[in-house]
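Listed in TrEMBL:
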type: DOMAIN; residues: 17-229; note: domain 'Porphobilinogen deaminase N-terminal'
type: DOMAIN; residues: 242-302; note: domain 'Porphobilinogen deaminase C-terminal'
Amino acid sequence: ADPLLSQGENGTDSRTIRVGTRRSQLARIQTDSVVMMLRELYPDLCFEIAVAMSTTGDKILDTALSKIGEKSLFTKELESALERNEVDLVVHSLKDLPTSLPPGFTIGAICKRENPLDAVVFHPKNCGKTLSLLPEKSVIGTSSLRRAAQLKKKFPHLEFRDIRGNLNTRLKKLDENEDFSAIILAAAGLKRMGWENRIGQLLGPEDCLYAVGQGALAVEVRAKDQEILNMVSALHDADTVLCCIAERAFMKRLEGGCSVPVAVNTLLKDDQLYLTGAVYSLDGSDSLKETMQTGVSYPHENEDGPNDDVQHVGITAKNVPGQAQEAAENLGVELASLLLSKGAKHILSVARQLNDAR
């Protein structure tokens, strides 16, 4: 019998799984979608959503994200609840999770990725335009150094300015003021909120490489909680896992975080994993970009024994072949090493200094 399903007195299953989430509407929608999948997989379990916690990132709205300098900005409070056993699992946007998790935690599941591209949402008066058609000196809102660096280079006639707040706040700032001609957001978030119709332009890889892990949802659990780990691992999407391991390994090797412009694009096709990675100076004038690939077709080993809890950049994926995960991680590390050998460290340290001085 499944140890999770501890029998209640009258033969009913009494175990309640508590799921932690942030307060924002998007966080709630993302958490609900994961809980819905879990309820379908485990109809006998009771799932309860513990609404949290406004996190540091939600509270400090007057400072650019890259200046607060804390990658675990949106995750710390949730992890404390996990640590105190107040919740059993927490749902995050994978791109909010640092490449090294605090000891005792692991990403137990990565769900099938939503569209990872960035999207442009235009002020109503610019409806039907694209970035290249906006008038000279139009102001574009984005809180991401990565987006700004790439788009400044590509669209030198535009100006980029910080915009903070959750999706609702940012859309409101766009629509109700004349400050911004457009804002850039992740297509995935807009889609999950049901605002796909606001997407005026999708930015393909030729315009803007995306953030590490963008569009994927991660389920964070206690690394030692075997039952919960086994339960959530059914949510893993193997292709997404391999892409995200490669991306996270790339970022980790570069020691990139919120405060430097690092961007990726991954593609898994015919058992080949392609990773494009790039680093940028803040104004986009200086950049390095390369693509590498590796095969990821490996049989599933029976990994009984001590190595069945191997983590790859914070991810425990028992149902994805270990050799494939290793190949993906090595791909990310090798691509980062290639960029470092070409001078990426200099670009990134200058970007970091300039950003700190802003």
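In case you wondered, yes, glycine gets a Cβ from its N, Cα and C as well.
TrEMBL labels come from automatic prediction, so no person has curated them.
The DSSP breakdown of the domain 'Porphobilinogen deaminase C-terminal' (242-302) into helical (H, G, I), extended (E, B) and coil residues amounts to 13 helix, 26 strand, 22 coil. Here the domain 'Porphobilinogen deaminase N-terminal' (17-229) has a mean pLDDT of 89 out of 100.
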